[in-house]
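Chemist: First, the structure itself, so that you have it in front of you.
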Amino acid sequence: MMSIYFWVAIHIFSSFWMIQNIEICDFSRGSLDVALMNNKILIDNNLKEENYNDNNIKHCVIFTKGLEIFTFICPKGNNNDNYKGVEIRPEQCFEKVRINGKEENLKDILKGVVIEKKETDTEIIRKALIPPTIYQDMSFECSCDNSLTIKDNYIGARGIMKVHLKKNIIFGCDFNYDSNEPKLSNGKSAFAQFYDKQVVDSNKNIICNTQVNNKEVYLGLVCPEGYGMYPENCFENVLFEKKVINITELIKHDVKLHIEKNKNISFASFILNPNENPKSFSCHCIKNNDNSFPLIANITFSNYESYSFNFHVTYLILIFILLISYI
């Protein structure tokens, strides 16, 4: 049965969040508790890296190509002596992350990342929707460090969340690429087609054609400031033969969606069968509800395995004809 997964989130981002693929690194369940540690130390020891053993470091490792929600949970100290010195590093985890030992702004690296944070009486919670805009393999870390908590000659443990981002290709169009913005990307983009926003002219239309040649499909559209998506919920609804239809009329598989109307960003993901090629469709970016000069994103399908299939069929037919000719 096909279905579309999304969650209408009521928050400042006014976005759709898919409800599938939720990864949780929860260090609040006692794994860092100073009372559970087995290594006794002297109070006056310096808490250096070499003092740690495997029992002192708890790992949570995640691999992703995007369109997943990550949750990072760290216990609060408050009146609990077992977490008195606990710290999150970087303090604003997901807003800032450690990459190759340096703190970086995640939004400078992943276009379309959405971050939320909240606290309870006992927990600090950070959430991030990781978009599929991963232009190269990389990894980042946040840690929940209870190693500064000392009680009865025991020290707490350190919890490390390590996220491995796998390079992705987004079949779609980014009409709002900023080549002047300081980034780590060095001119790279996960989008198959991208246009510098400095050269996008509101008095000219641009036709962006993207051909999907893989059965694992990530679609994306980014509209410039002052433009809106048409259909409004692009990839939930698409333009097909000049009509707005639901994507499930063309894609007979589960579809994951993330739509940020305020930022004019939309993503979708699904998996095709081998050699399956749905009919083409499109979405537009239109300025001030005027479709005179739209920025058009056309999505066509030429599933990679279909080439292999056709090649082998043609090859077998030729062999068969040659054999017949010799008989």
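Heads up, the Cβ atoms here are built off N, Cα and C, so glycines get one too.
Sharing the record's features from Swiss-Prot:
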DOMAIN    21-168  domain '6-Cys 1'
DISULFID  C25-C60  disulfide bond
DISULFID  C74-C144  disulfide bond
DISULFID  C93-C142  disulfide bond
DOMAIN    169-304  domain '6-Cys 2'
DISULFID  C173-C208  disulfide bond
DISULFID  C223-C285  disulfide bond
DISULFID  C234-C283  disulfide bond
CARBOHYD  N246  N-linked glycosylation site
CARBOHYD  N264  N-linked glycosylation site
CARBOHYD  N298  N-linked glycosylation site
Chemist: Compare the Cα of C142 (disulfide bond) against each of the recorded positions C173, C283, N298 and report the nearest.
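Modeler: Nearest candidate: C173.
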Chemist: For C74 (disulfide bond), which of the listed recorded positions (C25, C208, C234, N246, C285) have their CA atom within 10 A of its CA?
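Modeler: C25, listed in sequence order.
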Chemist: If H, G and I count as helix, E and B as strand, and all else as coil, what does DSSP give for C223 (disulfide bond)?
Modeler: coil
Chemist: Using the alpha carbons only, what distance in Å do you get between N264 (N-linked glycosylation site) and C283 (disulfide bond) once rounded?
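Modeler: So the Cα of C283 (disulfide bond) lies 12 Å away from that of N264 (N-linked glycosylation site).
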Chemist: Which chain-mates of C93 (disulfide bond) that are at least 6 residues away have a CB under 8 A from its CB, listed by sequence?
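Modeler: Within the chain, C93 (disulfide bond) has Cβ neighbours under 8 Å at F72, R126, C142.
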Chemist: Can you figure out which of C25, C60, N246, C283 (the recorded positions) comes closest in space to C223 (disulfide bond), comparing Cα atoms?
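Modeler: Among C25, C60, N246, C283, C283.
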Chemist: If you average the pLDDT over the domain '6-Cys 1' (21-168), what number do you get?
Modeler: 85
Chemist: Counting Cβ atoms within 10 Å of each candidate's own Cβ, which of the disulfide-bonded residues C74, C234 comes out highest?
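Modeler: Of the disulfide-bonded residues C74, C234, the most buried by Cβ count within 10 Å is C234.
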Chemist: Non-local Cβ contacts of N246 (N-linked glycosylation site) (under 8 Å, 6 or more apart, same chain)?
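Modeler: The answer is E236, N237.
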